[in-house]
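What TrEMBL annotates here:
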TRANSMEM  21-43  transmembrane segment
REGION    64-87  region 'Disordered'
TRANSMEM  217-237  transmembrane segment
TRANSMEM  244-262  transmembrane segment
TRANSMEM  300-321  transmembrane segment
TRANSMEM  342-364  transmembrane segment
TRANSMEM  437-462  transmembrane segment
TRANSMEM  483-503  transmembrane segment
TRANSMEM  547-566  transmembrane segment
TRANSMEM  586-607  transmembrane segment
TRANSMEM  627-657  transmembrane segment
Amino acid sequence: GTPQKYDPTFKGPIYDRGCTDVICCVLLVIAIVGYVVVGVVAWTHGDPRKVIYPTDSRGQFCGQKGTPNDSSLRRPRGRGSRLHVSSSPNQICVSKCPDRYLTYLSAYNSRTPSELEYYRQFCVPEFKNLQKAPIKVLKDKECPAMIIPSTPLARRCFPAIRAKKGVIMVGNETTYDDGHGRRRNVTELLEGAKKANVVLETRQLAMKIFEDYTVSWYWIIIGLVIAMVASLIFIVLLRYLAGIMVWVMIVMVILVLGYGIFHCYMEYAKLKGEAGSDVSLKDLGFQTDLRVYLHLRQTWLAFMIILCIVEVVIILLLIFLRKRILIAIALIREASRAIGHIMMSLLFPLCTFFLLCLCIAYWASTAVFLSTSNEAVYKVFNETACQFSGQTCKPETFNTSNVTKLCPDAQCLFAFYGGETAYHKYLVILQFFNVFMFFWLANFVIALGQVTLAGAFASYYWAFKKPDDMPAFPLFSAFGRVLRYHTGSLAFGSLILAIVQVIRVTLEYLDHRLKAADNKFAKFLLSCLKCCFWCLEKFIKFLNRNAYIMIAVYGTNFCTSARNAFSLLMRNIIRVAVLDKVTDFLFFLGKLLIVGSVGILAFFFFTQRIKLVQDTAPPLNYYWVPILTVIVGSYLIAHGFFSVYGMCVDTLFLCFLEDLERNDGSAEKPYFMSPNLKKLLKKTNKGQPDA
């Protein structure tokens, strides 16, 4: 592209600007209105209780107030289980789980009426005739053939399995009567209760973790405050230590490579004369045991040559790029000064985080309500051959239908949640729209934060006398300009990124579905597409970020800003690469230092290894719970601080490139860069004192 021409009216972020990409702004508003409508419809039809509460065979909730089965638990009757006469998916709601072994025949034949009365609570609610023949009761599936001691878990009854001295037992018994006069081993119940035990163990683990949080939450907050203070101190110190850290890193890389070359030479010399060490790699061929190659001189010679080439390339790059490295260091120091003058920018990520949380909450709640919008579907179940088996039925009219006449033992039972209305047919499309809008709005919120910060930091750079010429509230001024003029441009950029991300999610879903298929070509094609769209997403994020900076400065539309930003960066590609790697290293070092130091401090504190505060540390079930929380929280805090710092560096860098192309240091076209940058580039403002 052609360099920017001098504009005598340009003095930083343009205030006299107009609305950009209005069509995209209108599309975003329409999409948001549609998203709200989808949410309202989902909340009208959905019922999250279907996820939380179990249901009986009639689709009625167990243990839910305002339902016929209030304060009840669900006890499965069948579902392919060996416990019962039939394998029909009967389920009933009970007030409490059974606490003993008992068969219906033994309860019926018992001389104490209380046994049969106790058993009746595990039968269907319509069962009233206790004198009915047991065979008829079991045939009509009014009662289970047997009950076993069970324990409630997640409002469901599961066999109360426990291990005693390595022996699996249920209710202190190792065998049970299956209701057919046969004794079975309780190990046959393990498969049915395996998931229940996992859930029970998970629940106990969650309770212990919750207890740890209740006694350590204030210490966790103190650790996060320490991480926040450390992040702030690190950003301030970058003004003075950026150059030292970068050059120490470069010297360390050179020394490590030098030691690698020395080590390879010593290994190469040590193998001289040893049997088999002179075999060539070509003659040896491919070996699965890679340690075999370490006994060959040719291997260490190849390593030494590769390291020597890398060493020479790095030294040559340092010789030719030393000035650009100095410029990158100067820009990093300047970014620290800019943040020092706009301290509110460090708190702005909290606003972005809050808006992202709203997007996530709306998306998640809408997804749950959409997934629970289905209606109860009832199917005909019959043990013997019946032409109506598996067909849809209605419980309220089933007993008077032709099905019961042709298939006397057929039952109309709850099968699953579904629906055949137009709304239910388009549920998949509504879920897809929900995911798409989540990506669009999340990217829009991130873009809003980036443009706001870019506008604030650009006002710092283009202030000739820093900070006297800066606006009173640069962050709020930039935020107001973005919402007033450039909502459409942000919607445009975030829309492009959202489309690519939705395609990536779709490819991941297809890849998951094709894992079981043995189609190598399809898997190869999907892998290629996933890789291409991953690269495309990274490129669009890079382009959007720089386009947003140009929007904040010049007020142009998205396409023009993206084109100008890309052209400007391509004209200075070497400077871009150097600055990117230098800042990446500093941010990695900063996160490593902050997270590592706070994590180590938390480890020594919560494991009571600091003698001064040994009695202060709270007693814990798992000391790793607060430690991991502090580490993750410290990383998020450091990432939030450095995201602001990174945006500041990128903004100042683009402004610096624009400054070099627009101005020449004359009285009419003075440089706006800091005195340190002018000194480094040997630039001066003729006839004017430096700011």
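Glycine residues also receive a Cβ, built from the backbone N, Cα and C atoms like all the rest.
All annotation found in TrEMBL is predicted automatically rather than curated by experts.
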Long-range neighbours of the transmembrane segment (586-607), counting only residues six or more past its ends (CB under 8 A): 216, 219, 223, 226-227, 230-231, 234-235, 238, 242, 245-246, 249, 332, 613, 617-618, 620, 623, 626-627, 630-631, 634-635, 637-639, 642, 645-646
Folded-back contacts onto the transmembrane segment (627-657), same chain, C-beta under 8 angstroms, at least six residues removed: 213, 220, 223-224, 227-228, 230-232, 234-235, 238, 331-332, 334-336, 338-339, 345-346, 348-350, 353, 450, 453-454, 457-458, 460-462, 545-546, 549-550, 552-553, 565, 568-569, 571-572, 575-576, 579, 583, 587, 590-591, 594-595, 598-599, 602-603, 606, 672-673, 677
Beyond the flanks of the transmembrane segment (244-262) by 6 or more, those residues with Cβ under 8 Å of it: 303-304, 307-308, 310-311, 314-315, 318, 325, 328-329, 582, 585-586, 589
